[in-house]
Each structure stands twice: as C-alpha cells, then as structure tokens.
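Notes follow the structure.
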Amino acid sequence: MFPMVTGFMNYGQQTIRAARYIGQSFMITLSQANRLPVTIQYPYEKLIPSERFRGRIHFEFDKCIACEVCVRVCPIDLPVVDWKFETDIRKKRLLNYSIDFGICIFCGNCVEYCPTNCLSMTEEYELATYDRHELNYNQIALGRLPMSVIDDFTIRTVLNSPQRKNV
C-alpha cells in the first residue's frame with residue numbers, strides 16, 4: 001500500500017510542477033504581448049540604413065584615373081576597367097568601367113583604397129532582377145544616384161510611420 005501512496009504523491013508533485021512551468025511560460029508570453037512589433041511591412045515601410053551601410057557602389061567617371069587599384073584590392077577581381085594609353089598626354093584614358101553586382105560581395109575594399117574617391121557606397125540595397133545579366137552595371141548605371149527612400153511618397157519609413165507618432 002505504501003508504493004501506491006508514494007505514487008500518488010509523485011503524481012501530485014509532477015502535476016504541480018507542470019502547472020508552475022505552464023504558468024511561467026504564460027507570464028513570459030504576456031510580458032512580450034505589450035511590446036511594439038519589431039518587424040515591418042517591407043514593401044510599404046523601409047528601414048533607414050545606417051551611415052556605414054555598404055549598398056550599391058556609385059562611380060564618378062570624371063574622377064577615375066584608371067589606376068586599377070580597385071581591381072587589385074578586390075578579393076574576386078571584380079571591377080572591369082578598360083582604358084587606353086594616350087601617348088600625347090602620357091596618361092591613361094578610361095574607356096569603360098563596370099561591376100557585376102551578382103558576384104560582388106560588397107566588402108568595400110574598392111571604395112576604401114580608391115586614391116581619387118571616385119567610388120562610394122550608397123544606401124541602395126534593392127538590386128533584385130529577373131535576369132542576372134541586368135546586375136552587370138556599366139559606368140552609366142553606376143553613375144546614377146539612387147532615389148532617396150525618404151523622398152518616395154509611397155514608402156513610409158519606420159520613423160515616419162503613423163503607429164510611431166501615436167506612441
């Protein structure tokens with residue numbers, strides 16, 4: 001008869017322990033319920049990238065001296081620099097500059113080591129296309145500045161959202 005009594009005591013202790021664990025997890029869930037959501041509705045709301053964000057590369061054709069430092073410091077030898085040596089002025093003349101963003105790892109070495117600062121990182125991160133060949137940007141596509149996220153009236157940033165203003 002004693003094993004039966006100890007079995008009921010163990011069952012009672014296990015039931016109390018299970019109820020306590022359920023109560024603790026329920027309290028944790030309730031404490032998280034009154035927080036603001038961390039996720040955003042991406043196509044309609046966008047986060048503002050930080051200052052050091054490494055997005056699409058912006059290229060200024062007039063500043064480039066065709067030194068090819070960007071190609072040498074790139075871990076995957078990505079930038080394609082076509083130039084012609086002008087014998088009368090004894091300088092290189094840049095003909096074409098292109099970067100394939102389908103292969104680029106956005107390390108920022110080309111921007112950091114460029115002696116004339118003709119390369120810079122923008123805050124543009126939406127580079128999705130249906131064809132991977134459209135990710136090969138030449139000097140014309142690299143020279144366009146991206147439209148700012150804040151200027152687009154169809155997109156609300158997290159700082160400008162109506163939910164944020166009410167709180």
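Using the three backbone atoms N, Cα and C, a Cβ is placed for every residue, glycine included.
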Which of C74, C118 belongs with C104, C107, C110 in the [4Fe-4S] cluster 2 site listed by Swiss-Prot: C74
Other C-beta atoms that fall within 10 angstroms of the C-beta of C104 ([4Fe-4S] cluster 2 binding site): 19
By Cα-Cα distance, the member of binding-site residues C74, C104, C107 nearest C114 ([4Fe-4S] cluster 1 binding site): C74
Where C74 ([4Fe-4S] cluster 2 binding site) sits in the secondary structure, as DSSP reduces it to three classes: coil
Env. residues of [4Fe-4S] cluster 2 site, Cβ within 8 Å of mean position of C74, C104, C107, C110 Cβ: I57, C70, V73, P75, I76, L78, P79, I99, I105, F106, G108, N109
Using Cα positions only, nearest of the binding-site residues to C107 ([4Fe-4S] cluster 2 binding site) (C64, C67, C70): C70
